[in-house]
Amino acid sequence: MLRVLTSTLRFPRPWKPLETRGCSSNPGAAGREIQVCALAGPNQGIAEILMNRPSARNALGNVFVSQLLEALAQLREDRQVRVLIFRSGVKGVFCAGADLKEREQMSEAEVGLFVQRLRGLMTEIAAFPAPTIAAMDGFALGGGLELALACDLRVAASSAVMGLIETTRGLLPGAGGTQRLPRCLGVALAKELIFTGRRLSGAQAQALGLVNHAVAQNEEGNAAYHRARALAQEILPQAPIAVRLSKVAIDRGIEVDIASGMAIEGICYAQNIPTRDRLEGMAAFREKRLPRFVGE
């Protein structure tokens, strides 16, 4: 059993640092629908994916999806990334969901292939090695909510509007919504929300457990982003390998029976034993000082 579990688990692997960091260092970034930012100073270790397609309210079109996959592949190889935030550069919108105007021009075969690609995108987000946070400062509908559901943590403005509304358009959630929403809220409630296509405010979503935090919106329209940053800053000082292995243990363990889940936890724990960070944590405790984790 342990051998089978070990062969199927995806553990964090060594990463290569990016040659270029920060949005301003890329002169072509301004015209892109997806921009990658690496924060500096006390926020070093926090990376951001900025979704910026104002003409279509960050709808999930072909170019948008391609650039998002490219950004994830880039960040996955960066060992300096300890937390990844998904945010919007379009005021009042997180992600409006699928680009239905673009999809209307597709053949039935093309639609099937594109939705399969969307499903793969959400899987890549869910499998990202470091913790991910969705900062939902506005509408997150259909695929937009599916994107947020693929993240580990969600923060929303109280006034944000979200829902899996596909049934109101003659569709059903096709990018993970039918699977991740029940795992988040339970089967009966997920069915009710999907069958009715109901929209929820950020405050309602928090009451149901769909988002971790709901905050009052500010004049700039980025209150959820600031709360997401504060949450990321809480994660930053913790041992990055232990955090990533905790993510693996939770994500894989929740899919199996508890005995298999305990075995997965044991495998993850064994991976952490030889790390320098574990020794540093014990030394810091003994010496009554804050630990300095380096991710090794």
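Going from the start of the chain as shown, residues are counted 1 onward.
Including glycine, each Cβ sits where the backbone N, Cα and C put it.
Per Swiss-Prot, the features are:
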MOD_RES   K101  N6-acetyllysine
MOD_RES   K101  N6-succinyllysine
SITE      E146  site 'Important for catalytic activity'
SITE      E166  site 'Important for catalytic activity'
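What Swiss-Prot annotates, mapped onto the structure for a quick look.
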residue: K101; record: N6-acetyllysine; Cβ within 10 Å: 10
residue: E146; record: site 'Important for catalytic activity'; Cβ within 10 Å: 30
residue: E166; record: site 'Important for catalytic activity'; Cβ within 10 Å: 22
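Reported as a whole number, the C-alpha separation between E146 (site 'Important for catalytic activity') and K101 (N6-acetyllysine) equals 19 Å. Between the alpha carbons (Cα) of E166 (site 'Important for catalytic activity') and the residue listed as 'N6-acetyllysine' lies a span of roughly 15 Å.
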